[in-house]
Amino acid sequence: MARLSEPSPYVEFDRAQWRALRMSTPLKLTEDELVRLRGIGEKIDLLEVEEVYLPLARLIHLQVAARQALFATTADFLGEPQQNPDRPVPFVIGVAGSVAVGKSTTARVLQALLARWEHHPRVDLVTTDGFLYSNSELSRRNLMHRKGFPESYDRRGLMRFVTTVKSGSDVACAPVYSHLLYDIVPGEKQIIEHPDILILEGLNVLQTGPALMVSDLFDFSVYVDARIEDIENWYISRFLKMREGAFADPASHFHHYSTLTDEQAVFAARDIWHSINRPNLIENILPTRPRATLVLRKDSDHSINRLRLRKL
C-alpha cells in the first residue's frame, strides 16, 4: 500500500495490494449471476469480483459488526434495552459517481456479495432516481433542463426515507422511477422492510450542506471514479447501445433517438454530455469524492486499478 509523504487521512492501494486483503473470503457468485448484474458497457468479470469486491465485502462485513457493537455500547451508556439481534440498526452504504461510470453495477455486485454473509442476509438496494421530482413538478419549477442536478431531487423526502429505515421502522417506502418513461411511476413504491444493510446509489448521495444531509447517515460510502474523458466515451458508447435497445421501444421517452444514424447519435450524446452530465459531474459530483470511505479508480477499459481508503 502507498502512503503519501505528507500526513493524510487516506491510504492508497494498487490492485495487487488490495486483493491480498481478501484473506479467505469465499467467492459465492457465479458467472451467470454476474452477467445479470453487469450494466450496459460494463466489463466486470469474476476475477475483478475476487480481487476488488471480495476484499471490499470483507471490510464492510467487519465494519457492520463493529458498528453494531458501537450501537450496543451507546445503548448501555443510555441505560436503554439492548437491540434485538434479529432487528439490528440497518447499516447504510452510499454509492456515488458520475452518469455512465458504473456505480449501478458496483451497487448491485455489492448487494449480491453482502447478502451471502449469514450475519446480514437482508440487503436492499435503492436508487435515488426515485426521489427525482416528477416531470410535471420539474416543469412547474422550470427545472427540466437541470434534471439530475441536486435541486431536481426531493431531498427532504430522501432524508425522511433513510431516517425511517435507519430508525428501525417496520416499513419504509421509496418512489419508483422508470427509465423507459423518464419519469416517476405514479402510485408505485419500493417497499423496504427492516434490512440488515441498505445500499443507496445515486449521483449526489455524498453531498453536504448546512443542514443534516443523507450522507450524514451513511456508515460507509463508495465513490466510483475515472478520468472525465473516459466517462464521456463510456456515455457515448452506452447511448449508441441504448439506441438499438431500450430506445427502440415505442414506449420509450427517447424513442426518437432510435432512428438516428451513428454520426447523429454520437452528436446527440456528446451534446447531452457537455450540456448536462459533464457540468453536473464537475460542479456537484466530483467535489464530493473526498468524503467517500473508499474510492474505486477505473482505467479506460473499465477495470478498477487503484483504490483509496479513508482511514481517519
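Cβ from N, Cα, C; glycine included.
The annotation ATP binding site is assigned in Swiss-Prot to Gly97, Ser98, Val99, Ala100, Val101, Gly102, Lys103, Ser104. Its Cβ taken as reference, Val99 (ATP binding site) is surrounded by 20 other Cβ atoms within 10 Å in the chains shown.
Within 8 Å of the centroid defined by the CB atoms of Gly97, Ser98, Val99, Ala100, Val101, Gly102, Lys103, Ser104, the record's ATP site, lie the Cβ atoms of Val224, Ile231, excluding the listed residues themselves. Around the Cβ of Val101 (ATP binding site), the same chain contributes Val224, Asp225, Ala226, Ile231, Trp234, Lys298, each under 8 angstroms and 6 or more positions distant in sequence. Within 10 Å of the C-beta of Ser104 (ATP binding site) there are 23 other C-beta atoms, taking all protein chains into account.
When secondary structure is read from DSSP and collapsed to three states, Ser104 (ATP binding site) falls in the helix class.
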